[in-house]
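Some notes on the structure that comes next.
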C-alpha cells in the first residue's frame, strides 16, 4: 500500500511539474507550450537572419519569438533566464523603416539615401521586459516560436 501511494504521489508530482512548465502533447517533446504556441530556447548564438532561418527549419511555421502580451513575455523570460543568465536574446522584431518612402520637409522625395549602418534588429533582456536595438550581424542566443500543430 505504501509503495502504491509513493508511486501515485510521484506521478502526481511529475504531472504537476510538466503542467507548470507548459509541456503539452501538441508541442514537440523539447518545446514548451503557452497559450496556443510552442517555444524553444536555443543555447547557441546566431545572427538575426540565421536564427530566423534556423527557426523556420526547426518546425513548419517556426520563427523568432514574438510577444502579444506582458504575460507571454514573462513566460519566455522565465525560460531564458536560467539558461542565458544576464544576457540578451534575439526576438522576431526588426525595424524595416529603411524600406519606407521618406520625404524631405520641402516636399521632395528621398531618392538619395545615406543611412548609417546602425542596428535595426531587436533583442530582449533576460532580466526584465525591455527590448533593445542591436546589430543584426552580432551573434546572439535566440528563442523560436510556432503555432501548436493540430
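For all residues, glycine too, the Cβ spot is worked out from N, Cα and C.
Computed from a predicted structure; not experimentally measured.
Quick look at what Swiss-Prot lists:
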- 1-23: signal peptide (SIGNAL)
- 27-38: disulfide bond (DISULFID)
- 34-145: domain 'C-type lectin' (DOMAIN)
- 55-144: disulfide bond (DISULFID)
- 121-136: disulfide bond (DISULFID)
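Shown on the structure are the features that Swiss-Prot records.
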residue	record	DSSP (3 states)
27	disulfide bond	coil
38	disulfide bond	strand
55	disulfide bond	helix
121	disulfide bond	strand
136	disulfide bond	coil
144	disulfide bond	strand
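Comparing Cα positions, residue 144 (disulfide bond) lies closest to 38 out of the disulfide-bonded residues 27, 38, 121, 136. Nearest to residue 27 (disulfide bond) in space, judged by Cα atoms and limited to the disulfide-bonded residues 55, 121, 136, is 55. Averaged across the domain 'C-type lectin' (34-145), pLDDT for the predicted model comes to 84. Annotated pair residue 136 (disulfide bond) and residue 55 (disulfide bond), C-alpha to C-alpha distance, rounded: 16 Å. For residue 55 (disulfide bond), the same-chain residues that are 6 or more apart in sequence and have a Cβ closer than 8 Å to its Cβ are 62, 63, 64, 142, 144, 145, 146. Rounded to the nearest whole angstrom, the C-alpha distance between residue 121 (disulfide bond) and residue 38 (disulfide bond) is 22.
Of all the disulfide-bonded residues given, namely 27, 38, 121, 144, the one with the smallest number of surrounding CB atoms inside 10 A is 27.
Every protein chain shown contributes to the tally, and the Cβ of residue 136 (disulfide bond) ends up with 20 other Cβ atoms within 10 Å.
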